[in-house]
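Have a look at the structure below, then the notes.
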Amino acid sequence: MSGSKSVSPPGYAAQTAASPAPRGGPEHRAAWGEADSRANGYPHAPGGSTRGSTKRSGGAVTPQQQQRLASRWRGGDDDEDPPLSGDDPLVGGFGFSFRSKSAWQERGGDDGGRGSRRQRRGAAGGGSTRAPPAGGSGSSAAAAAAAGGTEVRPRSVEVGLEERRGKGRAAEELEPGTGTVEDGDGSEDGGSSVASGSGTGTVLSLGACCLALLQIFRSKKFPSDKLERLYQRYFFRLNQSSLTMLMAVLVLVCLVMLAFHAARPPLQVVYLAVLAAAVGVILIMAVLCNRAAFHQDHMGLACYALIAVVLAVQVVGLLLPQPRSASEGIWWTVFFIYTIYTLLPVRMRAAVLSGVLLSALHLAISLHTNAQDQFLLKQLVSNVLIFSCTNIVGVCTHYPAEVSQRQAFQETRECIQARLHSQRENQQQERLLLSVLPRHVAMEMKADINAKQEDMMFHKIYIQKHDNVSILFADIEGFTSLASQCTAQELVMTLNELFARFDKLAAENHCLRIKILGDCYYCVSGLPEARADHAHCCVEMGMDMIEAISSVREVTGVNVNMRVGIHSGRVHCGVLGLRKWQFDVWSNDVTLANHMEAGGKAGRIHITKATLNYLNGDYEVEPGCGGERNAYLKEHSIETFLILRCTQKRKEEKAMIAKMNRQRTNSIGHNPPHWGAERPFYNHLGGNQVSKEMKRMGFEDPKDKNAQESANPEDEVDEFLGRAIDARSIDRLRSEHVRKFLLTFREPDLEKKYSKQVDDRFGAYVACASLVFLFICFVQITIVPHSLFMLSFYLSCFLLLALVVFISVIYACVKLFPTPLQTLSRKIVRSKKNSTLVGVFTITLVFLSAFVNMFMCNSKNLVGCLAEEHNITVNQVNACHVMESAFNYSLGDEQGFCGSPQSNCNFPEYFTYSVLLSLLACSVFLQISCIGKLVLMLAIELIYVLIVEVPGVTLFDNADLLVTANAIDFSNNGTSQCPEHATKVALKVVTPIIISVFVLALYLHAQQVESTARLDFLWKLQATEEKEEMEELQAYNRRLLHNILPKDVAAHFLARERRNDELYYQSCECVAVMFASIANFSEFYVELEANNEGVECLRLLNEIIADFDEIISEDRFRQLEKIKTIGSTYMAASGLNDSTYDKAGKTHIKALADFAMKLMDQMKYINEHSFNNFQMKIGLNIGPVVAGVIGARKPQYDIWGNTVNVASRMDSTGVPDRIQVTTDMYQVLAANTYQLECRGVVKVKGKGEMMTYFLNGGPPLS
């Protein structure tokens, strides 16, 4: 057996000092005295005895000890301890309290509290590992917690609250420079990161840059078709909104085109019909696209239909209107191209093909209709440059937007995947936790963890008192013989087979298994819910156990049997200590039940008179004569009985119950119970279903929580994400979290986090805007007469923009440049304010380059010159007078007319087109808010329209006359005939309208982009928070789990989801085992009304065990593993796994010896300050053991073997206040200069005579 089965009560805890030093002044001794007095049922006077106030053991008190004492006992300097009220809530219910989550996240200093002192003590060293000081970094701690390196060592059983290394919310991590918005380089899955969270970037080679450039033009698609469909569903509502918005602006453009055509007769029916039909088709599509029946499969069809409509409008708009001009239709072609890239939800390839096709159509039709113009080449080259620029800007806008969307989707999916994985593991841990601790205990603990509780002087305990229960102890007789014939695996399998059956029987007989002690099994009926038939349940359980062991006897051929002892009475149940919790029961009645088993007979059920009274004569009994076989029963004059058989009445009742159970089973379609052995954790790790869905993410919980589990975790994530996408409401998310016009978050914290995001593509935005500047320069150099001012201005702007691009791009290539440049680049890119200012500066330069050459053009009014030449009024001048003029005015003539020395700018509309390109450059900067863009674009529009309408109006009036005249001359083929109504809509009228249309469209696009980005940020943030909440719960449950099972054992099962039916067993070559028992605690334990029927005694035992737990938690004892407590016996071992077993240096053996001596010192200190005389006996042994987990429904880790039995005998045959070791242990310790003395030969049960030794001290100090 693993140790003595004597179950004496527990309950008490303390802090471990670096040495057995006093725990403070008289008030601390008063505290111990009060605990001692209450435990023994006597009153306590706070100002009473101060015995030992000047007595010290262990010399002077170190500062670390003083800090520890202060935190252990009192938070202030009061002379009196707070009295323990007689109606302490711990008696009637679980008063066990925990620190709140905030306490174990950050233990700040509180006036007079223990939090700061405990932190200082932990920092000083020499104590157990504690929470880091407030304000310290928790990253390493979090990593340690995640790796399972920290076990729960709660203060007041605070369940790891002091050791929590909880990760902060993702929202708290969204600081400047963390690179939360990653860049994509065009990979198939949405782009890889070019993040710069650490301030370092990636050095890109020329080849990599070229590949990245080529990747831009590739359509993005996830490798998995299912994932791609999910992505399309993810953005379906947003794409639907974009499509609707595009249709609206297209209708607006068509109406503007109709208005322009109607303003210049004669009207062309075909033109009007096509545009009207286009408007009608677009409106019908808009209605259809917003119907409920419209879904993702229809999106592509609608997009391509819209492209077809745009192409039709493009062809008709260029072929039919008069007067003809190669510059006609440029503005709407640019508009169509750009909106296809930005508002039409199509792939990059389709957008590029559409843009190129629209550009080619315009160029081809212009070439066809204006072939006779001598200046056509200039216009075509300029048009090519404008369309090329528009396509490039469209690509520069479409690419990062799609990459950002795909990345947001991927990151959200990864958050959900991690959350579901954490949730599955968390559910496994919770099932495992609830399999070890009864639900009411575990739930009470978890409730107290989240509740704020004030620090108390002593550790709190969970103790519940239950009257009228029956306790069953059962021991396998002949287990030693069985174990000697089995291998390690066979032994674990056999025990698991047997105890699995016992667990099933316990469930069927309404018994709660308490613990397995080696080959001893004990359970209680009447817990946690009271039952009137608790005695019947225990008797039936005993009969079934005896029947079950018979099958083992038949299969193995070993003479094994069961001794069963039952007693009915009162118990205290709960957990004790700080580590390796095991639910247990304590009371004098439990002790009596244990002795009933020891004094029983093999194959028989041994009951007391109290149990017999509860059986109501349903069983035939005979005298048990237990006193003849057990001294305890004889000493206490316990009348015992042996069950013979149940009466006929009881047989009929059992048959009726069995029949009802069968009917209930058949009615619900269950299969008959399977009697094969279950595997540990099989019942607790098998489920992968999702128990709750994400909340606060804009969608409701799924209704069907019993959906079939997905065999593939990836499929489960996709299914979950699909349900989330279907359930989320974009409109509701937007209305709840985002303001309508400003598009700012309603919550200031959210807005602050969003504003701190870093856009690593800022350098690309500046580069794209600079590229627009170059195109504008080339357009104007081609179409506008050259001047020195033009060249000097463009060169200056180019140098400035090159510098801005250089500084901005350094951010992604920081390793190549000096530190000052890196710092400057980082300050610009990582600050939204600075990057916005730089962006505005860049756009301003581009805008200036678009119109500044207007001031170098001839400003003479051609209308005035013609009126003077023809001797007519200004209002009478028309295009015919241009044709009739003697000066041969023409569009191709750049010589200044009317005697002006300045050159003619006969195509001022290209200034407007250049301004449109500058507006497109504004839209490239995705990090600028839509309101900021609107203000900037309105400023550009206002300035340019004022220039057009005031100083530059003559340029546009002159151009109108020349274009009309050129068209008339072409249509007349050289004749002098002049039409009556040869006119066109004036450019000074057209210009404000088309710029306003562009500003509106670009604002709507900016609003759509920012709205999408904010919703993506919100959804990802909420998904991340959900994931981190689950990870925190998972980490917490893992610490709870590690407080029940060794870390390597828990990891073994939790990491093998698909192999959870394997048994866990391990043969350990050389393990040191310790049993430490308080020999006279049973004498101390009394059940009186004054001490709450023994609860105060258990409180004292809890303090002692907690002190031992804190000692074993110290770093120097990291090789040790607490196995369990058995009443007042503390069991530990070292060298149970590869990380703690030191084959060469035997350090794990020395560590256990040091631990044993530390416990002795601690017990002396406790006696001094609690005014008690507890005597501790400790036994040590080394040798091979078998470690494993047994029990399917309530898995329990334990060790077995001869080594364990002998260590237990070293304890039971030991001498009070001495540490007894075996010869094997002696040889190792003596070789390391430990101080030992020979005790002599001792008779050991089952082993005969053994030579033993006493451990007196460690190696002498050098």
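Glycine too: its Cβ is placed from the backbone N, Cα and C atoms.
From N871, N1137, the position flagged in Swiss-Prot as N-linked glycosylation site is N871.
Record note: among 200-220, 326-346, 326-346 is the stretch given as transmembrane segment by Swiss-Prot. The N-linked glycosylation site entry in Swiss-Prot, when matched to the candidates N834, N973, corresponds to N973. Site annotation (Swiss-Prot): Mg(2+) 2 is bound by D475, I476, and the candidate from D467, D503, D519 recorded at this site is D519. Secondary structure of the domain 'Guanylate cyclase 1' (470-597), assigned with DSSP and counted as helix (H, G, I), strand (E, B) and coil, comes to 60 helix, 39 strand, 29 coil. Panel annotation: around the transmembrane segment (351-371), residues 217, 307, 310-311, 314-315, 318-319, 324-326, 328-330, 333, 336-337, 340-341, 344, 379-380, 383-384, 387-388, 390-391, 394-395, 398, 970 of the same chain, lying at least six beyond its termini, place a Cβ under 8 Å from a Cβ of the stretch. Taking every recorded stretch in 300-320, 375-395, 764-784, 790-810, 985-1005 and counting its Cβ pairs under 8 Å to the transmembrane segment (911-931), the highest total belongs to 764-784. Packing against the transmembrane segment (243-263) from elsewhere in the chain are residues 271-272, 275-276, 278-279, 282-283, 285-286, 289-290, 299, 302-303, 306, 309-310, 313, 317, 321, 332, 335-336, 339, 343-345, 985, 990, 993-994, 997, 1000-1001, 1004-1005, 1008: each is 6 or more residues past its ends and has a CB under 8 Å from a CB in it. Residues 762-763, 766-767, 769-770, 773-774, 777, 780-781, 784, 816-817, 821-822, 824-825, 828-829, 838, 841-842, 845, 848-849, 852-853, 856 of the same chain sit 6 or more residues outside the transmembrane segment (790-810) yet have a Cβ under 8 Å from a Cβ within it. Within the same chain, the transmembrane segment (985-1005) stays apart from the transmembrane segment (375-395): fewer than three Cβ pairs sit under 8 Å, each pair at least 6 residues apart. The average per-residue pLDDT of the prediction over the domain 'Guanylate cyclase 1' (470-597) is 87, rounded to a whole number. Within 10 Å of the C-beta of D475 (Mg(2+) 1 binding site) there are 23 other C-beta atoms, taking all protein chains into account.
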